[in-house]
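Report on one structure; see the data block that follows.
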Amino acid sequence: MTKKMGLLVMAYGTPYKESDIEPYYTDIRHGKRPSEEELQDLKDRYEFIGGLSPLAGTTDDQADALVSALNKAYADVEFKLYLGLKHISPFIEDAVEQMHNDGITEAITVVLAPHYSSFSVGSYDKRADEEAAKYGIQLTHVKHYYEQPKFIEYWTNKVNETLAQIPEEEHKDTVLVVSAHSLPKGLIEKNNDPYPQELEHTALLIKEQSNIEHIAIGWQSEGNTGTPWLGPDVQDLTRDLYEKHQYKNFIYTPVGFVCEHLEVLYDNDYECKVVCDDIGANYYRPKMPNTHPLFIGAIIDEIKSIF
């Protein structure tokens, strides 16, 4: 008889419509309503990328691709998909409660973030665990997949494809900027999180397996908390690299993210490009993983390694 299990895919979430922006932002700020100025700034950013972020649709597509691939990988298990979001409905708790209502007693959880930190992946897992404990649901968590061969292969291919667009004689004047979402330094140090080291490892593997000669690690999209966050910021890094090495081409791979959304479409494609334009360098940013089979396969391989 086929065993029935849940697949809980967890993600940050994004507003579905403009009226969602205020409650969404309020949830991110732990219930503190944003000022009109902060709210307008966020609305302007969404407007700049063409309205709202494509994140919601892509997250749904990624979750569908994952459950489909997982059901092909396990002949003796039937996985049912549940989507749980951090800052907007359906919330993580709603998804776990629905599992219970459906009679699910065991599930695999995956966060759509390749690198582990207690602030990000750990907080999703904690919320899922707390809700699951109410119903006696057993959860097995995927903690990360930043070094999975297929994940690295995806990014290596993208770097090489981008390099192929650049004249060969300029490859020595090209730098790859590998980045992830910045997090508060104090939290990383307090919890002894492996987050910065995991990003460094991803960058090293891409450098080893691709044709890129120069590589740098940066952080992006930091919050406005008044406390130090991980750095250098990718914009500052771009200027520093240009001043020191006069690179002609900058390739940005925000490997800490898994699809096109506000942080990539605005923070990279607008803010980093503005810096490149200002210094007279060329800006490149390969396509994000989205539902690419190598990306989906990397997560499936990580699940196979723990379940």
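Yeah, the Cβs are placed from backbone N, Cα and C, and that goes for glycine too.
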Candidate from Tyr12, Tyr74 that Swiss-Prot assigns to the same Fe-coproporphyrin III site as Arg29, Arg45, Tyr46, Ser53, Tyr124: Tyr12
Nonlocal neighbours by CB distance (under 8 Å) for Tyr46 (Fe-coproporphyrin III binding site), same chain, sequence gap 6 or more: Pro15, Glu18, Ile21, Leu52, Ser53, Leu262
Taking residues Tyr12, Arg29, Arg45, Tyr46, Ser53, Tyr124, which bind Fe-coproporphyrin III in the record, the widest Cα spacing (Å, whole number): 26
Other CB atoms, at most 10 A from the CB of Ser53 (Fe-coproporphyrin III binding site): 23
Rounded distance in angstrom between the Cα atoms of Glu263 (Fe(2+) binding site) and Arg45 (Fe-coproporphyrin III binding site): 10
Top Cα neighbour of His181 (Fe(2+) binding site) in the set of binding-site residues Tyr12, Arg29, Arg45, Tyr124: Tyr12
Fewest other C-beta atoms within 10 angstroms, as judged across Arg29, Arg45, His181, which are the binding-site residues: Arg29
Number of Cβ atoms other than its own within 10 Å, given for Glu263 (Fe(2+) binding site): 21
